[in-house]
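Chemist: Input: one structure, supplied below.
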Amino acid sequence: MRKFINPSPDIWAELVKRPTKNLEELEPGILQTFQLVQEQGDAALLQLAQKYDGVQLQSLLASEVEIAEAEAKVPQELKEAILQAYSNIQLFHTQQAEPVRQVETMNGVNCWRKSVAIDKVGLYIPGGTAPLFSTLLMLGVPARIAGCREIILCTPPAKDGSIHPAILYTASLLGITHIVKAGGAQAVAAMAFGTESVPAVYKIFGPGNQYVTVAKQLVSKTGVAIDLPAGPSEVLVMADESANPAFVAADLLSQAEHGDDSQVVLLTTSEEILQQVEQELEVQLNVLPRREFAAKALENSLGVVLNSRQSMLNFSNLYAPEHLILSVADFEELMEGITNTGSVFLGHYSPESAGDYASGTNHTLPTNGYARAYSGVSLDSFVKKITFQYITREGLQNIGKTIETMAEAEGLEAHKNAVSIRLKELDRV
Ligand SMILES: NC(=O)c1ccc[n+]([C@@H]2O[C@H](COP(=O)([O-])OP(=O)(O)OC[C@H]3O[C@@H](n4cnc5c(N)ncnc54)[C@H](O)[C@@H]3O)[C@@H](O)[C@H]2O)c1
Ligand SMILES: N[C@H](CO)Cc1c[nH]c[nH+]1
Ligand SMILES: [Zn+2]
């Protein structure tokens, strides 16, 4: 962890930069992948599965037999946990549905907005180093609530060509049957452009490593929509003297273990807490199965002592972390000052893992500072909001003059005429 004691605000902008490669470095390789997929379709996906996932696939699609057999391979305890998480995520996201509200802006001028599902969506489920079936719940549940008709799932295959049974089991729960064994930029390209086995979709969802995230950003220039840039995981913890150093270290490690390009940040008003957390990190890191990823991520991470709660807040808002934990005694006031983050965890007993798996909130969240302007995935991500209006004869007489005046001032006579022609007819009757 890189340590800073009361760093001058002049260097904060430098400190909040993430350790990820930039777009320019990754772009040429990803554009080559796009071209290959566009030219060769399924053949390119098979070739790239061999190159990047080290597997020679017999088929790109998971078969009905593979999907059916997965259920028996998932332990009962895990099934129950998945069902509990499913239910909480469903409850939280169902409440996000907006009722249709008709507003009469003037007498006879009626406006309303309706949410309509995006017809064809593609879900990317990371699987490079860990099979994130929890991500399938985070994307599949709101897609189902929204009513998306066609759901395509892409996830990288394991070295033996299989897909983790928990991903297949979760897909079955969600009624998703079009499961493609493809990862990385090639999966994103397949869902954007279509191949023989992968129908092109209207919007691509899902987190992933830097290749996946940059690929999504690049395809979004070609007409397909994307949810948000959700790259390598991050957490920022603000800790005061009341924090438990072992809890804080555990929270930092929980995101550091995602990958060596993850970054975690500790902000504290106490040098002693920083030291204690560092000691705890060492103890807990050594027994983690994914300690190599976590150790690399920690090298890129920050421990910063600041002299006030307000400074912690200012730094955090500038950093705009994917996840923010307030490990402080009285979080209420601090909470009100938060402006930039994906998701907030309050107090000493709200670990970030709760949001990753089961509390109900969505874990697909903006990283790399994008939380300054983006929100995480929600039910809204899977719908379009279409506006409607119905103007009565009386309504047009009420609003007509306003439209005519504005159209004339913009020099758009045809716009004005569309109103005038009707008003003249109404004057005649
Ligand atoms: N922000 C969020 O909401 C969120 C949620 C969950 C996970 N994540 C992040 O998702 C990521 C998962 O990463 P992962 O790698 O385990 O799985 P992944 O599925 O995102 O990526 C694996 C794929 O990357 C491609 N790839 C790997 N090395 C490559 C190379 N050198 N060149 C080109 N392509 C290459 C391969 O095609 C491989 O199939 C982690 O960074 C994690 O932090 C983020
Ligand atoms: N922390 C990740 C989002 O950044 C989500 C996740 C899935 N599984 C465990 N964690
Ligand atoms: Zn996580």
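Heads up, the Cβ atoms here are built off N, Cα and C, so glycines get one too.
In TrEMBL, annotation is done automatically, which means it is predicted and not curated.
Residues or ranges marked as NAD(+) binding site in TrEMBL: Tyr124, Gln186, Asn209. Per TrEMBL, substrate binding site is recorded for Ser233, Gln255, His258, His323, Asp356, Glu410, His415. If you look up TrEMBL, you'll see Gln255, His258, Asp356, His415 marked as Zn(2+) binding site. TrEMBL lists Glu322, His323 with the feature active site, proton acceptor.
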Chemist: Given the NAD(+) site residues Tyr124, Gln186, Asn209, which other residues of that chain have a Cβ within 8 Å of the mean position of their Cβ atoms, reported in sequence order?
Modeler: Pro126, Gly128, Cys154, Pro156, Ala182, Gly183, Gly184, Ala185, Ala187, Val188, Gly208, Tyr211, Val212, Ala215
Chemist: Listed binding-site residues: Tyr124, Ser233, Gln255, His258, His323, Glu410. Which have a CB under 6 angstroms from an atom of ligand 1?
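Modeler: Checked binding-site residues vs ligand 1; flagged Ser233, His258.
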Chemist: Please report how many Å separate the Cα atom of Glu410 (substrate binding site) from that of Gln186 (NAD(+) binding site), as a whole number.
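Modeler: Roughly 47 Å, rounded to the nearest whole number.
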Chemist: I'd like to confirm something. Which of the recorded positions, Gln255, His258, Glu322, Asp356, His415, has a Cα closest to the Cα of Asn209 (NAD(+) binding site)?
Modeler: His258
Chemist: For His323 (substrate binding site), what is the secondary structure by DSSP, using just helix, strand and coil?
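Modeler: In three-state terms, His323 (substrate binding site) counts as strand.
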Chemist: Of all the recorded positions given, namely Tyr124, Gln186, Glu322, which is spatially nearest to Asp356 (substrate binding site) at the Cα level?
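Modeler: Closest by Cα distance to Asp356 (substrate binding site) among the recorded positions Tyr124, Gln186, Glu322: Glu322.
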Chemist: Taking the Cβ of His415 (substrate binding site) as the centre, count every other Cβ atom within 10 Å, in any protein chain shown.
Modeler: 15
Chemist: Hey, does DSSP put Asp356 (substrate binding site) in a helix, a strand, or just coil?
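Modeler: The residue in question, Asp356 (substrate binding site), is helix (DSSP, three-state).
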Chemist: How many whole Å apart are the CA atoms of His323 (substrate binding site) and Tyr124 (NAD(+) binding site)?
Modeler: 21
Chemist: Using a 10 Å radius around each Cβ and counting other Cβ atoms from all shown chains, which of the binding-site residues Gln255, His258, Asp356, Glu410 yields the largest count?
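Modeler: Of the binding-site residues Gln255, His258, Asp356, Glu410, the highest Cβ count within 10 Å belongs to Gln255.
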Chemist: In whole Å, how far is Ser233 (substrate binding site) from Glu322 (active site, proton acceptor) when you measure between their Cα atoms?
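Modeler: Given the Cα positions, Glu322 (active site, proton acceptor) is 7 Å from Ser233 (substrate binding site).
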Chemist: Can you tell me how far the Cα of Tyr124 (NAD(+) binding site) sits from the Cα of Gln255 (substrate binding site), in Å?
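Modeler: Tyr124 (NAD(+) binding site) and Gln255 (substrate binding site) have their Cα atoms 20 Å apart.
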Chemist: Measure the Cβ-based neighbour count of Glu322 (active site, proton acceptor), defined as the other Cβ atoms within 10 Å of its Cβ.
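Modeler: So the number of other Cβ atoms within 10 Å of Glu322 (active site, proton acceptor) is 30.
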Chemist: Cα-Cα, whole number of Å: Ser233 (substrate binding site) versus Gln186 (NAD(+) binding site)?
Modeler: 21
